[in-house]
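As structure tokens, the structure follows; a few thoughts come after it.
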Amino acid sequence: MRPNDRTASQIRPVTITRNFTCHAEGSVLIEFGNTKVLCNASVTEGVPRFMKGQGKGWVNAEYSMLPRATHTRSDREAARGKQGGRTLEIQRLIARSLRAALDLKLLGENTIVVDCDVIQADGGTRTASITGACVALVDALTWMRSKGIIKTNPMKHMIAAISVGIYKGNAIADLEYTEDSEAETDMNVVMTDTGKMIEVQGTAEGEPFSIEEMHEMLELAKHGIRELFDEQKAALN
């Protein structure tokens, strides 16, 4: 039995609000239950030095949590003078996932930076960030086309992500904090809307997991991500 009375495959209610702020070219507030993340996509001319002259664009991401996004206040990383290892890992995951969704040649020598700021955390912040960032990216690309910056839509796939895990011996989808903190296994899965995997990150926190359990978790992830694609499409329509 899950603490929230959800079934093993049941994801939390998802809300995607577009145009949440007025300045960013793409702005989305995404809510996975009590987890809330603001995803802003900003377009700038030019690319990082290592990309210059290649005729391709670039997508990067930054991730942070507000000091009181969690049960107790955490200092801002800026106050500590550097980003933590977890933050760096998550923003690289978000950026890699978004780049896999695009044909960078069609972006021209332009950069899109997606800022994912966690307003409230209750598990699954990185997967919510990826799912919301994808919608913000779509809106930023639409803006670029409307301004004549690009001629063709570079988006190859929609992408979405979900957490799955083993909790009290059972495979479950979309872990909230109380489940995540006690899970024997925690896995994050990023997929395209064509059913292909972009990234699978899985770690046994307690007991090692079997191949059969891994397959069960991946099936739950596929089922949950299909629902997330439906939510994205509904928001974009």
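Heads up, the Cβ atoms here are built off N, Cα and C, so glycines get one too.
Site annotation (Swiss-Prot, ligand phosphate) includes Gly124, Thr125, Arg126; from Arg76, Arg80, Arg86, the additional listed residue is Arg86.
If you draw a 10 Å sphere around the CB of Thr125 (phosphate binding site), it holds 24 other CB atoms from the protein chains shown. Secondary structure at Gly124 (phosphate binding site), as computed by DSSP, is coil. Around Gly124 (phosphate binding site), the same-chain residues at least 6 positions away in sequence with a Cβ under 8 Å from its Cβ are Phe32, Thr35, Ile162, Ser163, Asp174, Leu175, Glu176, Asp180.
For the recorded phosphate site, residues Arg86, Gly124, Thr125, Arg126 set the reference point as the centre of their Cβ atoms, and the other residues of that chain within 8 Å of it by Cβ are Tyr63, Ile90, Val118, Ala121, Gly123, Thr127, Ala128, Ser129, Asn188.
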